């Protein structure tokens, strides 16, 4: 078959008419230097602060320095094979992580990818890691408690839903243990938990996950991990990623608790990034915006009002407030709470629980120093019974500390002073508690009532622990309905007082101490 020139020209015209030109514009640049996880890129004219930059090998970097003729970015992940001259391009997106109920019970990395070997994560969408904290009008005052299960904390340093309470102390003083027990105590409270591990050993995190699983708390918890072996960028971003996952519950009228363990390591990772980006160093070589690093994170922990939740859910959730409670952890060096990062975080948070090495080594665990530990807003959230019974405990300990210091110099003490010292010692002994053994409100109330009303006066100091164990076993066996009532209502009146008194009288009558 032969084609003539007319047919050929017609075919060419048809092909030209069918040809569809699709031009894809993208902002492309070239890597000019790579050093310690920081890359400098030339040619990205329209790059945003915090934008994700696509790198070869399906990796990303985040733009942190926008300069006149170059962009400084940190690589999220391995960077050994990146080289000068490689092409990169802008994505037009800022970093987002998966959020939703499907993450509960899972261990994920900073980017929300599963690392527990249980298959892909089910999620309800993505949320930006950086978000603006709710404004003053959108917030509600803190008036509901978060029970940690520790007598020393729930009585003297109460924490409310939506509060930021700092846990501060030297290494090996029980900071993580306190936070993990707080998570374990939320098993049946309905509070969802997020545990963010920053710069820790993988073996330590594995142990924490195992303990949560053993105590039935993992199914209620999201574990976000940036180990010590991961890049500084992932350690710096991990708390923001965990916060975005916690905000999912807060914004839908639920309560969540987030632990940042610990923010000292995040500040060190950020310092490393800033120095590599050639930002000017300040005090302790930290950059000038290290306060903002933590304030913008911790301000996102809040109790939001009914209107905020209704507006966010477009009317699907009505009449509910949401909260995100934060327990950031800071590690001090030789008890120096006046260092740069500790003072910053103390000024941002609503109180601090100070754990002391000397107390820990002398067997007082949790090693809470009641003198400088404080909760600025939690008192309003305390249950009625705890508020009534805890006042005398703090006073007794304050008097005991004062007299204990004085009694070292005085040889003979009068009876009143000796009684106060004895009572203070017994209260200190009573506030000791084993790890992974959180107590209910009713159990704590009964024990505090015994201390407050002088039922420990004739109990030897060495037998306080066994007295408490026997008392709790006795009430669980013979007075379970009353304990259940106190746990549910948290109320305190003459009737409950009379019943508690009756329990202790009958217990002491049946057993000799």
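Numbers run from 1 along the shown chain.
Cβ coordinates are placed from backbone N, Cα and C, and glycine is handled just like the others.
These features come from Swiss-Prot:
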type	residues	note
BINDING	169, 170, 171, 172, 173, 174, 175, 176	ATP binding site
SITE	373	site 'Required for activity'
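Here the features listed in Swiss-Prot are painted onto the structure.
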residue	record	Cβ neighbours (10 Å)
169	ATP binding site	27
170	ATP binding site	18
171	ATP binding site	11
172	ATP binding site	12
173	ATP binding site	26
174	ATP binding site	19
175	ATP binding site	25
176	ATP binding site	20
373	site 'Required for activity'	21
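The DSSP secondary structure for residue 176 (ATP binding site) is helix.
Note: the CA-CA distance between residue 173 (ATP binding site) and residue 373 (site 'Required for activity') rounds to 15 Å. The CA atom of residue 373 (site 'Required for activity') is located 15 Å away from the CA atom of residue 174 (ATP binding site). Listed in sequence order, the residues 331, 355, 357, 360, 367 complete the 8 Å Cβ shell around the ATP site centroid, once 169, 170, 171, 172, 173, 174, 175, 176 themselves are left out.
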